[in-house]
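Participant: This is the structure I have questions about; it appears just below.
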Amino acid sequence: MTDLHTDVERYLRYLSVERQLSPITLLNYQRQLEAIINFASENGLQNWQQCDAAMVRNFAVRSRRKGLGAASLALRLSALRSFFDWLVSQNELKANPAKGVSAPKTPRHLPKNIDVDDINRLLDIDINDPLAVRDRAMLEVMYGAGLRLSELVGLDIKHLDLESGEVWVMGKGSKERRLPIGRNALSWIEHWLDLRDLFGSEDDALFLSKLGKRISARNVQKRFAEWGIKQGLNNHVHPHKLRHSFATHMLESSGDLRGVQELLGHANLSTTQIYTHLDFQHLASVYDAAHPRAKRGK
């Protein structure tokens, strides 16, 4: 029966020699496992056979109390589970004591949406050259359809149905969806198509760079940020913020969570619930209008 340090050293050699992990990854494993060694030693453990699920849970609680974030704790527990799995494979343990212990879910931080007045100011750009027309069209489509950045740059001309005012989008997991894009976006797309051949006509992409190639995601991010500054917006403008604003404004206006889910291309409704938020004033007005106990004087 070996001691705490010896087993960890053997495991790190296994990761280095047999798994051929990088020095940085090995160092991360070492740091995570040193933390559990220290905790186990403080609690009087002399070998890993004395470790049980209760001790692992106490270790997780203590780590959180000492300020370790949820994501970092998840990584620490993952390293610990892998180590114990290896001990089981070496017949040093009968079962993995960390198997049923999980870290709290990492909170998802939502980007701030752009309010409607600022959206209108952003879209009211001075059209003085073909690239500005292209950018206006991209902004209109991004906000008008709530696209992901990858979906915007992946658009081809053939994906447009100008008669119906719709666009075919290839989303995550190669899932295709058909979306309305609105009159304003449609008008600016047509305006851009009149100028597009100035940059080239061989590429199938809807939006081209000044070199005549499909515009890159990085270029879109850069141009949107520049327009945000030019238009005097206080918040940094990036594509995801436009998608988030689309979702928020649609939900505030319609209250149709399932409809917004379909428009965004979310596989699960829970994603839409996290992704969108209603401001308190809107929620209060919905409550006052709909809840039986809120209808005062009736």
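Just so you know, glycine gets a Cβ as well, placed from its N, Cα and C.
According to Swiss-Prot, the domain 'Core-binding (CB)' annotation covers 2-88. Under the heading domain 'Tyr recombinase', Swiss-Prot lists 109-288. Under the heading active site, Swiss-Prot lists ARG148, LYS172, HIS240, ARG243, HIS266, citing sequence analysis as support. As annotated by Swiss-Prot, active site, O-(3'-phospho-DNA)-tyrosine intermediate applies to TYR275.
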Participant: I'm trying to understand the geometry here, so how far is the Cα atom of ARG243 (active site) from the Cα atom of ARG148 (active site), in Å to the nearest whole number?
Facilitator: 7
Participant: Mind tallying the domain 'Core-binding (CB)' (2-88) by DSSP state, helix then strand then coil?
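Facilitator: Its residues divide into 69 helix, 0 strand, 18 coil.
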Participant: What's the most sparsely packed of the active-site residues ARG148, HIS240, ARG243, counting other C-beta atoms within 10 A?
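Facilitator: Each of the active-site residues ARG148, HIS240, ARG243 was scored; lowest Cβ tally within 10 Å is HIS240.
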Participant: I'd like to know the mean pLDDT over the domain 'Core-binding (CB)' (2-88).
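Facilitator: Mean pLDDT for the domain 'Core-binding (CB)' (2-88): 88.
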Participant: Work out how many Å separate ARG148 (active site) and HIS240 (active site) at their Cα atoms, rounded off.
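Facilitator: That comes out at 7 Å between the alpha carbons.
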